[in-house]
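Step one of this worksheet: look at the structure below.
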């Protein structure tokens, strides 16, 4: 440590004139202003000032080189000092290197500023593009400088920590420790080793990765009414890293993985959001029940009230939407649980042909209207495909607990409807996989359209191959695995329902993981999981009773997350246009579905085409996801995106009315039992 102190004294001695020269900075700035304005300064004085300034800069650079030489000599002296341990040598050398880096970075900053001034003077102030490019380059330089300064600051903190611990070790060596102190010292060393082992250097590992951008962010702490509590909470959140970050694009971020994994943490924003949704969903659901609407619309209203267009009290929107996706998973599992393979074999042709014909007809109409309205073909195909999809969770709620009273030999409308919806879910996964290529095709030149079409066809072939692999896997699971698995699960879960729930949930997650890995929609995996378990016969009731409470709570979160994307003010401003567009889409889907079903349904089952058409005459909530991706990619504009969101929401609100009308006219009165 003595060597370190002597070295620092000789290192800092040449730098002392810098402190004296800092007093002259204000005077230099005033002289620059006078030179620029030309007030009372002769040409000779101007040239003299320039020479003096250049002389001062040259003197600073010489002093910097002299300090670097002294630092180099100090490093050599430390390395030759036999009285220091290897660890202490490494620490002192690292400290000198930090100071060397600070001097070099300061010099680079001076010349970067001169280069920036030169570039700005050579530019045209009337050229916005040139000014934008200059501003971008300055911003990049500032970001890099900030990263370097942050790295240097963290290194100085580590050096300070090392120095404090070195002093503690010297004090411990000079005094005798008790047994408790020795135990605590061993624990401290073990804790330090543990932190070093589990710490991930994510920042250092990723800052040089291709595609990583440096951005300025704001760190925001919550304000409390009590200032004393506020300070305490800020100190705690500063240590735990639970504050919110906001970037220049107004995106908000929360902590996902802390640096210190030994301390448990909880996202209190997310907890408050879920609690608030749970409390407000009850009165909203009661209100909809009282006026004869499905309870899920009460949950959507709850999301509207709490979302950006209402009280704006939901902070963790992405986390709420992610949790709501599990509501879709369990809903489709229960749908598959009631969808036996025997029924699937009976209607598989109708379920496969119907959605494909409807999608092709919707795209054809979209291209026709797009040609008349001079819309790009890529946008027309995208909008038509979005509008051709229907909401599986919504229709599943319509059918939950409905009657199965069709005559022997007839086709059950619920089976046909669910089969077509499952096919649409497969189409959704296919379209999401093809979407990047479709975007590139829209942005490419006309000479490469053939190549892009071939790429799309190859991708479609891959998806079809994945579907074949999924169904082959389902046949293997049904024949060899699902029976022994459920019998073992049923045996272990006697008197312990949590084993049954955990086993079923694990099977659902396994199937959705398999379909996701094969580039097919996860929703299809959940549906197939229910269909496979339904092949076990009388176990359906027991499993449904156990899973339904979980499904109901997660479905509340899902429908509330839909309400977060409903904007009543926008709907009110453009109500006439939106009502016209929504009615046009609903009527078109209803008529196209009725036309297709009249061609593919057996003659004895023609009466169910009106019910199935009514179930398909709305737009899927997944158009939110597709629309957001297309907007980010530049396929559609902000205005078209808001129109898609509004039309989707209004069509979902009209769906129960159309469904009830179809049921009342086409289903005999004793068989009308629905979850509505």
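For all residues, glycine too, the Cβ spot is worked out from N, Cα and C.
If you look up TrEMBL, you'll see 1-22 marked as signal peptide. Taken from TrEMBL, the feature coiled coil covers 132-204. According to TrEMBL, the feature transmembrane segment maps to 280-306, 318-337, 357-375, 428-450, 456-478, 499-518, 553-571, 578-601, 640-659. Positions annotated as domain 'Cation/H+ exchanger transmembrane' by TrEMBL: 280-659.
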With CB pairs under 8 Å as the measure, which of the listed stretches 280-306, 456-478, 553-571, 640-659 comes out on top against the transmembrane segment (578-601)? 640-659
Taking a Cβ cut-off under 8 Å, which residues six or more beyond the ends of the transmembrane segment (318-337) line up next to it in the same chain? 254, 267, 270, 273-274, 277, 392-393, 396-397, 399-400, 418, 425, 508, 512, 522-523, 526-534, 540, 543-544, 547-548, 550-551, 553-561, 564
Where else in the chain does the transmembrane segment (357-375) make close Cβ contacts, counting only residues six or more beyond its ends and a cut-off under 8 Å? 381, 383-385, 387-388, 427, 588-589, 592-593, 595-596, 599-600, 616
